[in-house]
Amino acid sequence: MESVSVWCALLLCCLSGAELVHSETSAQRQSSPESVKASEQPQPCPSDLHAVLREMSAALAEQRVRIQQLQAHNQVQEAKLTELQKQTSEQLKELQKQTSEQLKELQKQTSEVLPIKEQLTVQDSKLTELQKQTSEQLKELQKQTSEQLQELQKQTSEVLPIKEQLRGQATELNSVKARTNETENQVASLKREREVGQVAFSASLLASGEKTLGPFNTHTNLVFRYVFSNIGNAYNPNTGFFIAPVRGAYHFEFYIGAHGASEASGATLVKNGEHIFVAYEHQSNGFGSSSNGATLLLEPGDVVFLRLWSGTRIYDNENRHNTFSGHLLFSM
């Protein structure tokens, strides 16, 4: 708006100036020859004034368009400002409402906090009293602890000699225990030797009935099924093997017999598969028998048994003609 006013004022000034110049020129022409000479000098052309006026009119038109644009822009800004003021007013109301509610809630919380604060004050006073009592009790406890420590130190000084005596007694007791253990081991060893030393057995060929065994083409192991005694269980009536339980001297003996015939009767004593000795008898009629025996040094696990000699035979019945016996003389 100010630009338009300025342009209008300039236009009026120009028009007024042009008229004034024209009047002065006419007066000077009528006054003197000098004026006439002066009038002969070049003056502004009306066409130039019209050009200026046209330019000013164009500028004025531009300013009008600019003003219209500014007015439209101002209207949009005024609408936005109005909407913003409306929103701001609503937000302010909502904020005032929230502030009022928060104020009420704060007042409510304040009313609730007051009793708690009073309780805390009471508890604080109680805590102070408790701390005072605790401090007194701690002092008393420290006093008692100091007295107990002194008493403990006194008892410790009295216990030390007793402790030394106990150490001496413990050493002596360990020595007694060692001697006792050694004695116990010796007793256990004697018991084992006594138990193992009681080894003896005696058995016959058949458990029942009568039977002639042989002759066979090869040596055949004999199993004496009927056991008279088996002290120490070193003899096995299922295999006919005697297994030495300890190292020692063992005595063995056996008896065989059969009715006279073309075949002889014979058996051999075997130790760990090695032939030791044989008992042999042959007669054409009647009942013939034979026997043998030996003392052997056996190691634990050695096996002793009898074999029927190949091509021979033996006979047994309830009279027990064929027997195998052995026992430990002494361990080594």
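Counting starts with 1 at the first residue shown.
Note that Cβ sites are derived from N, Cα and C of the backbone, with glycine treated the same way.
Checking TrEMBL for region 'Disordered' across the ranges 26-45, 126-145 points to 26-45. Per DSSP, the secondary structure of the domain 'C1q' (194-332) breaks down as 4 helix, 79 strand, 56 coil.
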